[in-house]
Structures are given as C-alpha cells and as structure tokens.
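> Sending over a structure as structure tokens; questions will come in a sec.
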Ligand code: GLV
Ligand code: MN
Ligand code: MN
Ligand code: MN
C-alpha cells in the first residue's frame, strides 16, 4: 500500500490521548482507551467485521470465511483463526506506535487482503481476527500483558481485580466505571481454542533494522526473560532541619544505592536493569522520607543471567539497608520466562518476506504470553530513532505501509 493510505487512517487515532509532552497517555479503561475502543468498533463495522469483547476486556473483530470454505471446523487448533493485532494502551507519556501500529496495520492488511481476494478469486479458509488486548503495558495497574495473561490463566482473577492504579482506583472499579463487568475476569480456554495462530506487528524498539538489518520489516526470534519487582524501603520520617545526620534512617539513601546497584549488577551479569518509577512518602522538600517505593524492571538474554542480577541486587540492597538503619522488602510483581517464537512459523514468514532479518527483543508483548498456547510470531517495523516508551519513538509512513504489505502477505499465506 502507499504511505498516504497509511497516514490517512493513522491520523484518525493520532490525537487520542496525546499529551502536551508530545507523548501519549492511553491508560486502560481511561477516556482515551474508550475512545480508541469506539474507533476499533467503527473500523470493524465499516468492514463488516463482528466485534466481541471477551470476559477480560480484550476486543476482537472477526472476519469469518463463508461456511463452505472452512477447512475443518472440528480441528480448531490446526485450522482456527489467524489472529493479529496488538494493544492500544501506553506507558505514561509513551510513543505513538507501541501497540496501536499493530491494530491500525491489521485493519489495513484486511483491506489489502480483501482487494487481493477479489482480484484473484481466492477465498478465505480460516477466520481472521484483529485483537486489541487490554493493559499490555501494565502502565495503569502494574502487571504487563494483563489482558492476555488473564485470558490464558497466567494471572489470578482475584489478584487482578484488586490491583490499584496511582490514584488508588482498583481494576474492578475502573472496569465498572467504564461499563465492563470485573466479576467476569478469568481464563478463557474456549476462546483460546479458536485461535490457530497469532501474528503481532509492532514498532521495533531498538535500531537493529535501521543499522545492520537495513530492512523496513523484520521477524522476531525470541523475547528475553524479564520481570518487575517492587522495592519498598521503610525508614523514619523526620525534620530535614533538625535531625542530625547520624540519627537518620533515611530510605532515600537506600533507594539511591538501589538505583546504582541495579545498574551495576546488570552490567556485571550482562543484562539490563532499570528503576524508572519511584514514590516517596510524604514527598516533602523539608522532611526526611518515611518510605520510598521503587519498581525494578530487569531483563536478560537468559534466565540464569536474570537470576544473577536479581540475587546480586537483593543482597546488596539488604546490606545497604542494614547500614542505613532502614528496612527493605522486595517482592515480585510479574515475571515472564524466555519466549522462543514458533520456529516453523517464524522461518516461513521470514522466507515469505524475502529473507527478512530475524531478531530477538528485550521488550514484552502479548505475543509472548500467547506463544505458550498457540503458534505465534511477530513482525517488527523499523524505528529510525530506536527510541520506545518515550515520545521520540518513530516509524516512517513508508515503512508502516511496508509493514501492512508484509502483514497482508502473512495473513494471505496462513488464512487462504
Ligand atoms: C512492554 O512493552 C515492556 O516490554 O515493558
Ligand atoms: Mn507494545
Ligand atoms: Mn511497550
Ligand atoms: Mn510491550
């Protein structure tokens, strides 16, 4: 397709949730999310696609084949739907493309495939569905890929209902306020059974395609194991002007050490660790904090390295807390093992795309969750800045259009 066709549809969602930082705040179940869901429904309706919202708030638009074309309705695993799509939600002040690119591209790929079927007389043999998964970033409720994890049973529904956002609103209340039913949350094996394969298109979150790869579109090989840990440091709140230095139990000191320790342990072990979020209580300029909560995000090429980073980090931070006279509690919020995408599907797609580069990623995706249940693959669209989870994230309209062409070719290959 041409770049202007991509831009036309992209511009429809571009203003939704854009903040004055130039980034996007599209938290799940917020007004921006609901506006994007309404847009999704309108796009599906325009194409005669049937919309379903599952018990976990994930949205699906279905394009069903004519009944006589279905290969074997009794074998949904082999002949189930080809699912594509991604997520609408963003991290706070994130980029425009992470998530929505996969959904916009999916609708455009459906258009392209339809034109192709009309021109060639070929028919659809498996249903095609477009997904918009809920709370992929964990930007509001803390657990990434929450919608797909609930669907596959990887997260307990009671735990999910009680998760709170920064304002203390629970997921259950946020869903109710948006007109959804939190009591319905839970595993959905029947829906999972209807999916034969999942292909998620995503903006690249590094610069491999722009550099050595030199290609508009690549194929994912694997997702690094990764996780999130909550670090709560408790000390003693006191007056900044009257408390002698030796008398302090300052959790901010332990926290500052933890930021450096995370980086050092990651460097020594050969992985990545980030503390990108912190909350201090009472958060006053002239008071020693009583408590500091920080979130550690750690990722590594394999689980051994991830384990090394974690154990090094924990022991160093506990040692330091003892010196600072503070108390530290480190608890796991989520953890995802290494994901190797389906080898057959990945090689088939790379060949179909004329030998597209195959690359691993350190970013998590719903595709990583679904990969444990259905053959799954990912397409990456070149990002010349390499930036992601920040406003500088970018992909050119031409490359996005190339992504649509690639996705349409994959859908044709798998569903026709
Ligand atoms: C989600 O995008 C993540 O990898 O953090
Ligand atoms: Mn994403
Ligand atoms: Mn992301
Ligand atoms: Mn992600």
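Every residue gets a Cβ built from N, Cα and C, even glycine.
Keep in mind that what you see is a predicted model, and the values were worked out from it rather than measured.
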> Let me know which member of 79, 87 TrEMBL also records as binding Zn(2+) 1 at the site of 98, 202.
87
> Report the candidate from 66, 112, 135, 137 that shares the Zn(2+) 2 site with 98, 389, as recorded in TrEMBL.
137
> When DSSP states are folded down to helix, strand and coil, where does residue 228 (allantoate binding site) land?
strand
> Given the binding-site residues 202, 299, and counting only Cβ atoms in the protein chains shown, which has the most within 10 Å of its Cβ?
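The residue with the densest Cβ neighbourhood is 202.
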> Out of 87, 137, 202, which of these binding-site residues is nearest residue 286 (allantoate binding site) by C-alpha distance?
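Closest by Cα: 137.
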> Spatially, and counting Cα to Cα, which of the binding-site residues is closest to residue 137 (Zn(2+) 2 binding site)? Options: 98, 202, 228, 299.
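So, of the listed binding-site residues, the one sitting closest to residue 137 (Zn(2+) 2 binding site) is 98.
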> So which binding-site residues out of 98, 137, 228 are up against ligand 2, CB under 6 A?
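Only 98 meet the Cβ criterion.
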